[in-house]
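Novice: Pulled from TrEMBL, these are the listed features:
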REGION    1-48  region 'Disordered'
COMPBIAS  35-47  compositional bias 'Basic and acidic residues'
TRANSMEM  58-80  transmembrane segment
TRANSMEM  92-111  transmembrane segment
TRANSMEM  123-143  transmembrane segment
TRANSMEM  213-230  transmembrane segment
TRANSMEM  242-261  transmembrane segment
TRANSMEM  313-332  transmembrane segment
TRANSMEM  344-361  transmembrane segment
TRANSMEM  381-398  transmembrane segment
TRANSMEM  410-431  transmembrane segment
REGION    453-480  region 'Disordered'
COMPBIAS  471-480  compositional bias 'Basic and acidic residues'
Amino acid sequence: GPGAALGKAALEEQQPPQPNGGGPAAAGRPPPPGAERDSPGLRRSTESEVYDDGTNTFFWRAHTLTVLFILTCALGYVTLLEETPQDTAYNTKRGIVASILVFLCFGVTQAKDGPFSRPHPAYWRFWLCVSVVYELFLIFILFQTVQDGRQFMKYIDPHLGVPLPERDYGGNCLIYDPGNETDPFHNVWDKLDGFVPAHFFGWYLKTLMIRDWWMCMIISVMFEFLEYSLEHQLPNFSECWWDHWIMDVILCNGLGIYCGMKTLSWLSLKTYKWQGLWNIPTYKGKMKRIVFQFTPYSWVKFEWKPASSLRRWLAVCGIIFVFLLAELNTFYLKFVLWMPPEHYLVLLRLVFFVNVGGVAMREIYDFMDDPKFHKKLGQQAWLVAAITATEFLIVVKYDPYTLTLSLPFYITQCWILGIILVLTWTAWRFFIRDITLRYKEIRRQKQEHKYEKDKCLSNGDGHPSILDEQDGNKLRERKL
């Protein structure tokens, strides 16, 4: 669409300040969220500088009355001109869909803006409202019996509600199978399914969300360890060693993370200078401006610094935990609700998390990095955490037997050892080390104080030099 310049970003940022000379930015336009903080003196060092001519076109204006009028006309048409079918099931489905659409219309026009607004703030308000609808759907499923919940999925797709076997990715793990003369590399080709590009693009987008190489690699490797640990529960986790470490970690995940980091580097160096579409004289410039409407308005480089304080360390550990839990929910949900891996609902859930995950990560980072300004956790981050927890509770309720299958002894030992190492490092870094450094600092201060005291205590007869100076001054006064 025609894009004027006001916005924030589609993997992007809270509106930064407008520098001096940025153009007539304020004419007829309300200040963006956070504008009271975003001045050149208060902008964080990791935020990019933005130049914006402040053009405010039809594309950026609120259309609350227009949406209300169209919505009322649509409801009036259904009420006055359309005959209601005598099908209870059909009317129930259509009534639920209409209720959701009305709620989405309200949310898109009236909900509070988040930190992003490219390609348009309404886009991110839409996904916020979808988050609310999805969470309510999960709550409804949670309150059903296991049988009713699974059969309820038939109302969404009649092919659901039937138990489906999981595909076993293990079995013959020979990269080169000499027993198959026709195609000795058939094991490799069998693993090259549609999930390979999904892994790559998934980790590319996750890198744009997290914006940190170390955190991405830790989550990637940790999930492979989780697959090893839980393959006795879900056959889908049973993969060959080279499928885990070569195809997943190195090729798909590693290449996705690498491309994501290159994109982050480009976004951090890019000049953010925006003009209204109708202020650009050339057609080439207009086309370039339309394409850039789907890029960040500005950029903030994430510096998580997990070892800088106990609060940040626990926050980063919590982010990694929620990420891994959301990944596991993908597999366990389709297992307990009897959805095949290639079903469109599984894909829609991944698309949903791609859109809401970036906003949630930005809100979490702002809450950690600037708690004085962001005094509460953002609305999208709150919803993502609630959705992840609700999904896990559904898994617990619908198949507690699978979840309570005991881990193999050697797996348990490995996890206990890992937890002990993490707790030990945490205690050393934030408690023992701090106490030791504080003790050394106190000793150093005491030694300096003692040295200064000894230095000014005596000038040869054991009397302080200050007293000698005072006596000398009195003697000179008497002579005068």
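Note that Cβ sites are derived from N, Cα and C of the backbone, with glycine treated the same way.
Help me understand the surroundings of these features in the structure.
Specialist: Panel annotation: around the transmembrane segment (92-111), residues 62-64, 67-68, 71, 78, 122, 125-126, 128-130, 132-133, 155 of the same chain, lying at least six beyond its termini, place a Cβ under 8 Å from a Cβ of the stretch.
Sequence-distant contacts of the transmembrane segment (123-143), counting only residues of its own chain at least 6 positions beyond either end whose CB sits under 8 Å from a CB of the stretch, comprise 10, 100, 103-104, 106-109, 111, 113-114, 116-117, 149, 152, 337, 352, 355-356, 359, 379-380, 383-384, 386-387, 390-391, 393-394, 397.
Remote same-chain partners of the transmembrane segment (213-230), defined as residues 6 or more beyond its termini with a Cβ less than 8 Å from a stretch Cβ, comprise 203, 206-207, 237, 239, 244-245, 248-249, 253-254, 257, 260-261, 304, 316, 319-320, 323-324, 327-328, 407, 411, 414-415.
Same-chain neighbours of the transmembrane segment (242-261): 169, 173, 175, 191, 196, 199-208, 213, 216-217, 220-221, 224, 227-228, counting only residues six or more beyond its ends whose CB sits under 8 Å from a CB of the stretch.
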Novice: Could you give the residue numbers and ranges of same-chain residues that sit at least 6 residues beyond the transmembrane segment (313-332) on either side and whose C-beta is under 8 angstroms from one of its C-beta atoms?
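Specialist: That would be 206, 210, 215, 218-219, 222-223, 226, 230, 234, 236-237, 304, 306-307, 346, 349-350, 353, 361, 364, 368, 384-385, 388, 391-392, 395, 399, 402-403, 422, 426, 429-430.
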Novice: For the transmembrane segment (410-431), what are the same-chain contacts with Cβ under 8 Å, counting residues 6+ beyond its ends?
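Specialist: Hits for the transmembrane segment (410-431): 228-229, 307, 309-310, 313, 317.
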